[in-house]
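Engineer: Dropping the structure in here first, questions after.
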Amino acid sequence: MKKAEMGRFSISPDEDSSSYSSNSDFNYSYPTKQAALKSHYADVDPENQNFLLESNLGKKKYETEFHPGTTSFGMSVFNLSNAIVGSGILGLSYAMANTGIALFIILLTFVSIFSLYSVHLLLKTANEGGSLLYEQLGYKAFGLVGKLAASGSITMQNIGAMSSYLFIVKYELPLVIQALTNIEDKTGLWYLNGNYLVLLVSLVVILPLSLFRNLGYLGYTSGLSLLCMVFFLIVVICKKFQVPCPVEAALIINETINTTLTQPTALVPALSHNVTENDSCRPHYFIFNSQTVYAVPILIFSFVCHPAVLPIYEELKDRSRRRMMNVSKISFFAMFLMYLLAALFGYLTFYEHVESELLHTYSSILGTDILLLIVRLAVLMAVTLTVPVVIFPIRSSVTHLLCASKDFSWWRHSLITVSILAFTNLLVIFVPTIRDIFGFIGASAASMLIFILPSAFYIKLVKKEPMKSVQKIGALFFLLSGVLVMTGSMALIVLDWVHNAPGGGH
């Protein structure tokens, strides 16, 4: 349900052709026709952000003549909004429940502003560096190390996005089947076991779609994802006024104990005191606990869209950096409001009882609810069809790294696809909660893509500004902030894992 696949996009027509005198750095060349690119912009899936276009292997050099963009301002806003929003929205209420309303709004504001600033750095670097490819900017800045850092970060982000989608299948599909079959006792039924269902969906639906050599109609699923999330937000707001408070804590705790699909540690504080009107239904504005550390990575994970910015920029009609920044400002502000409303109303519905995946929390209280069942079906369809879109760039990166000089082979193509899907399924089965995926990927790959790489590329490639300039000093502080956020978040998350491991909290 999100972020398109990483990018070997067609090169911007106004690039310096001398920068591409050799094609030895890449084994793929990319189509520069507007029609080829435009037809794939619905493919930008928000949680991954790197859409790989089909390559033209016979081409020796990038096209350098000017090709004006053809995508309108409004459609560019939609494309970028679609690249931002994704499964991360399901974890925002959990983040608010562990930070408090005021602290969450402060963090959300800072992360959105920093993400927008990194888009500014990225656009300026692309203009000065003469490339609209994220990996190529890395190569121009730091050689092979920079290229691998960009490619690795985007691949990790894609794997995290894919895992989060399969986690949603693991969480929600058993509830849908249980609601449709009216089964009360699901003990021992394999078709109500989330792990079995993830494997089944992967084999029957995702694998066949992932074996295609091109995306075709799958590219349009990201648009469906955005619509599903808007529908989800409307339902979250409506349900706030239907779910009674205080929430029946015993019911939630029983549901948590009886299922492996919830986050046990999220409910521990609720066990230590009686649930009363003043206690359970009072919002908190500042909260600090062991789960607060996940808030920033979840927010960072939710705002990653940066590898999608460059191809959207290339296709923008009347293209200019100022115009693209206006597109970015509108998109980020719209997603800021959407994230804030989803987190706020989700939190004000369940307070400290919010689980790490908000949609699953409703089943503990409302059981079989028709409206929620429709939301679940829509979200399940969107994420299931989006996973094959996410697999494309990962497979292409692996192929490019290991077998760049070899001709296409269906056996190799299939083996890499199966391996990627198998690895992701293992993560989903053995990683206890979606919160861990949001936290780890948000703290590592997403921090690289938002903070570290854009600022490092800017410092290295924008030559006309001296290091003592305000712009370069700002980029340097941004880089150091990213390193601090990444190392600090990762350290605290690992400490939380170690601390909770003996008690089975993870």
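Even glycines carry a Cβ here, placed using N, Cα and C.
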Engineer: From SER55, SER131, SER356, SER364, pick the one Swiss-Prot annotates as phosphoserine?
Structural biologist: SER55
Engineer: Do SER210 and ASP407 end up on the same side of the membrane (judging by the domain labels in Swiss-Prot)?
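Structural biologist: Yes, Swiss-Prot places SER210 and ASP407 on the same side of the membrane.
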Engineer: Average the per-residue pLDDT over the region 'Regulates protein turnover upon amino acid deprivation' (1-96) and send me the rounded value.
Structural biologist: 53
Engineer: Are the transmembrane segment (473-495) and the transmembrane segment (103-123) close enough to be called in contact, which here means at least 3 C-beta pairs under 8 A that are separated by 6 or more residues?
Structural biologist: yes
Engineer: Provide the number of Cβ atoms within 10 Å of the Cβ of THR386 (Na(+) binding site), excluding the reference atom itself.
Structural biologist: 30
Engineer: Roughly how many Å lie between the Cα atoms of ASN82 (Na(+) binding site) and CYS281 (disulfide bond), rounded to a whole value?
Structural biologist: 34
Engineer: Tell me, how many other CB atoms lie within 10 A of the CB of CYS245 (disulfide bond), whichever protein chain they belong to?
Structural biologist: 14
